[in-house]
Amino acid sequence: MFEGPRRYRRPRTRFLSKQLTALRELLEKTMHPSLATMGKLASKLQLDLSVVKIWFKNQRAKWKRQQRQQMQTRPSLGPANQTTSVKKEETPSAITTANIRPVSPGISDANDHDLREPSGIKNPGGASASARVSSWDSQSYDIEQICLGASNPPWASTLFEIDEFVKIYDLPGEDDTSSLNQYLFPVCLEYDQLQSSV
């Protein structure tokens, strides 16, 4: 076989504890730091920008993999009224991140595209994940249970038709729509008053 010139492979980077601490602190704030932020951090830590970029890329991949594993190891959902507790998982490695969740992109800052994270990073000292993170896990589980649990909402099983509901809740005097003008903006209300005086 013909082998072309071997591509240069960068040796594995070994981070100092102070470098890892600084990288994790930034990861706690955002999983997607701006290029300028990563450049400042790289020069401060005396690392190449490419090393910092790859570190964040690897942490995001690790986080996604952990999320997938958590979704696969969750117990199958039973009836909607049955509740089960979600146990906290702890990772033995001091370098890994655990229980970080991105906020929806609509909430993120449009200028630097940062996604805010709770402070749930494992520290080398063995600090435990914050209570906010564990409450998020249980909230997301509850939401899944609500969405996947009961397929028929309680009101869907009533014997009444929509027309009957309209008759039941129709109050006398609601045919006059001018009473709804109080809910409009003042500008619209003034326009409506001008139209009625003409």
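Cβ from N, Cα, C; glycine included.
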Annotated DNA-binding region segment (source Swiss-Prot; candidates 33-67, 68-102): 33-67
Segment assigned the feature motif '9aaTAD' in Swiss-Prot (from 142-150, 178-186, 187-195): 178-186
Residue counts (helix, strand, coil, in that order) that DSSP gives for the DNA-binding region (33-67): 30 helix, 0 strand, 5 coil
Fewest Cβ neighbours within 10 Å, where candidates are the recorded sites Ile54, Ala61: Ala61
